[in-house]
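A short worksheet on the structure shown next.
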């Protein structure tokens, strides 16, 4: 993208803050559905960073594959499992949290040191023409039939997943004869030699 340097810096800061905030929400939120949606926000932020690097095809692939396939697959898995039990508290969970925070801080320190000590060279190459337009033209001219077949296949998979997710659990059917028959009345025992009064 041919943007001014100030616009690129501001866009990078916004996308980086959005990505880091969404990633923290994925880890800290207890609701799995919210975590899945925030994971989609992380993927979209990464796609925006690819756009700033003039990698438009990689950005489109990021959105199509990770947001459109992986994230949707995670959401369908959550809906199909439909587990409503709360997580059991873990004894001394603060030790695990402290260890995780220490590892994350160490990785962040290593990456920061690498970024600050590396002599980055500013590229003066002229950006080439966008390749995603050429790929789109090929999709709708030379490869139109495979493209449409793939879209129909994905549509069938989506409809099947929706049907499975919206299915209703019916109770077990009772025996069909129980509603039409009466239980048999127990017969009274009659001593031997005594006539039945009904006779």
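One is the number of the first residue shown, and numbering goes on along the chain from there.
Every residue, even glycine, has its Cβ placed from backbone N, Cα and C.
According to Swiss-Prot, the feature transmembrane segment maps to residues 143-163, out of the candidate ranges 143-163, 164-184. Note on the transmembrane segment (61-81): residues 32-33, 36, 39-40, 43-44, 46-47, 50, 161, 164-165 of its chain, located 6 or more positions outside it, place their CB under 8 angstroms from a CB of the stretch. Within the chain, the transmembrane segment (102-122) has no long-range Cβ neighbours under 8 A that lie six or more residues past its boundaries.
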